[in-house]
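Per Swiss-Prot, the features are:
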- 1-22: signal peptide (SIGNAL)
- Asn112: N-linked glycosylation site (CARBOHYD)
- 177-211: region 'Disordered' (REGION)
- 188-201: compositional bias 'Basic residues' (COMPBIAS)
- Asn218: N-linked glycosylation site (CARBOHYD)
- 225-651: domain 'Peptidase S53' (DOMAIN)
- Asn247: N-linked glycosylation site (CARBOHYD)
- Asn331: N-linked glycosylation site (CARBOHYD)
- Asn445: N-linked glycosylation site (CARBOHYD)
- Asp610, Ile611, Gly629, Asp631: Ca(2+) binding site (BINDING)
- Asn613: N-linked glycosylation site (CARBOHYD)
Amino acid sequence: MRPLSHLSFFNGLLLGLSALSAATSVVHERREATSSNWVKRARVNPSDKHVVRIGLTQSSLEEAHDLLMDVSNPSSPNYARFYSADEVAAKFAPSTETVNEVQNWLTEKGINASRVAQTQNHGWLVFHATSKEIENLFDTTYYEYHNRKTGKKAIACEQYHVPASVQKHIDYVHPGVNLNPSSGKPSSIRRRAAASKKTKLPARGPRPIQQHDVKGLNVTNCDQLITPECIRALYKIPSARAAPHPNNSLGIFEEGDYYAQEDLDLFFKTFAKDIPQGTHPIPAFIDGAEAPVPVTKAGGESDLDFELAYPIVHPQSITLYQTDDANWASNTTGFLNTFLDALDGSYCTYCAYGECGNDPSLDPVYPDDAGYDGQLMCGVFKPTNVISVSYGEQENDLPANYQQRQCMEFLKLGLQGVSVLFASGDNGVAGPPGDGNSVNGCLNNGTVFSPAFPNSCPYITNVGATKVYPGYTVSQPESAVYDPDGLYSYASGGGFSNIYPIPDYQAEAVATYFKDHNPPYPYYEGAENLGKNGGLYNRLGRGYPDVAANGDNIAVFNGGEFGSSGGTSASTPIFASIINRIIDERLAVGKGPVGFINPVLYKNPSVLNDITNGTNPGCGTDGFSTAPGWDPATGLGTPNYPKMLKLWLDLP
């Protein structure tokens, strides 16, 4: 009987230890649903070996905003004292405590330190282990899954556990709950109903104009067509310095749209004779991208960007960040990750908000059997001081954590002194028609306003659009763009985020708008209450745009023909070019770039031309009205170059 007593005691001890273990471990991730494309097969073989990657929690995420404000706020003693790329990477690398805590846990579970490597960017611990070991490590069961459409295989679990004491140090585990194949193209590209992926702005033109109209164009008829002369007159832009700084090239992003040198030369010959024929951007081609193309294949976006920017910045150079091979550029749901990978090598494997590296179910995967056969390009290009992006999506198009990880990267670029500007969109308070599962591009069955992405990220500068109304001159105030003209219908994008709260640098301006010009619509507070009580917008969300510039009736050569175009994609390279010009003047007097410009502009709105006429309709409403000060149609207003230059020359 005594042996049985000992056995009973031993079993009781095991049960007690098991209960204690369960009490001190927690579910770290759980898959809530599995796509019908994935078929669960047999449990993995216990002796199979796998590469295990544990994404470590990054340091300084909570203080990241304060770090950026410290170098971006004009009142800060550290204004414009930017970090190097290595300093930023080190600042956000996992802490020594995080690495040690996770490594100690692995050792306790039989994964000795000699088996574990830390990646170069310090963000991952990587080791080889058998199925039996990782099931024991994560207190779970792994199964093989087969994708019935693609034939791809993956191993995954439905949930996994980590010790409660270690959980705060772990962001993500692979293999884990995600069913992403290790390589290959997604079986189904998630598309908008009316657009194949990213919105290339504009999507309306160009509208043909008779050739004889070209000869009669001058600053007196800018209400009919906007030429470089009109832009200089509107924003009081003088000629550029004859000897620009060699390290101050303007960056322009393009994807799936390509310029033609013939179009640029035609534009220079007609409107900018001081720019030599053959002038072209510096190539920074990412993951198999190529440019230029024959004039018969020229894209309206790329031609527009360069034809607007060159007359402002020349003889400064322009760098073209042409992104992704032709196959992926026209067949991807994700946005911007491969571009950011190329600027920051650590971003390729960077973990934040439960996202580690690119998402192969959304982003391009390289090598690409149908295109670029090289490896994903990581950290191969240095970011320019200013980057202009005339592309965008809507917040509801991609997962929130995908967007938040990306937004953090824009913050990091700001810490390095990079100014990133985005077009605010061309659909007023809505998304493109068909987006958001509604014909009008709105949320909740076509009623709730649809904020844009990445515009809602508080660490970029959003540019809305204005126009010179018929009969007005360049010396009179512009108005918010609204063209209700059928196929060419267009309104300056603006609204409030469902992901990000109002940033501190913007809080006073937004509060003033609500106090003095309260929109006549019901609202909700917080994305979790989307549409509640008939609310049309999030009263607590980050507002956009931040600024504006002309974006209508823009003169352009495209496909060898002269016409007009427009969109906030025209406004953005204009504003970005002006910032690049200002940086050139700062460099000439021994100062540096200006980095994230929003805090300076919100504290000094008088350097912009306030826009007080117009609205940005959408979702069956008039949208938001312009107003004195900031508004969600034209932001703080359009540039006044002399005032902006003086402001930034006076700053450190």
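A Cβ is built for glycine as well, from the same backbone N, Cα and C atoms used for every other residue.
The structure displayed is predicted, hence computed values, not measured ones.
Overlay of Swiss-Prot feature records on the structure.
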residue : record                      : Cβ contacts under 8 Å, 6 or more apart
Asn112  : N-linked glycosylation site : Leu106
Asn218  : N-linked glycosylation site : Glu229
Asn247  : N-linked glycosylation site : Leu587
Asn445  : N-linked glycosylation site : Ser438
Asp610  : Ca(2+) binding site         : Pro477, Pro628, Gly629, Leu636, Gly637
Ile611  : Ca(2+) binding site         : Thr466, Pro477, Glu478, Ser479, Ala480, Ala548, Thr626, Asp631, Ala633, Thr634, Gly637, Thr638
Asn613  : N-linked glycosylation site : Tyr469, Pro477, Ser479, Ala480, Thr626
For Asn331 (N-linked glycosylation site), what is the tally of other C-beta atoms lying within 10 angstroms of its C-beta?
-> 18
Excluding Asp610, Ile611, Gly629, Asp631 themselves, the Ca(2+) site's Cβ centre has within 8 Å the residues Thr612, Thr626, Ala627, Pro628, Trp630, Thr634, Gly635, Leu636, Gly637
Mean pLDDT for the domain 'Peptidase S53' (225-651), as a whole number?
-> 96
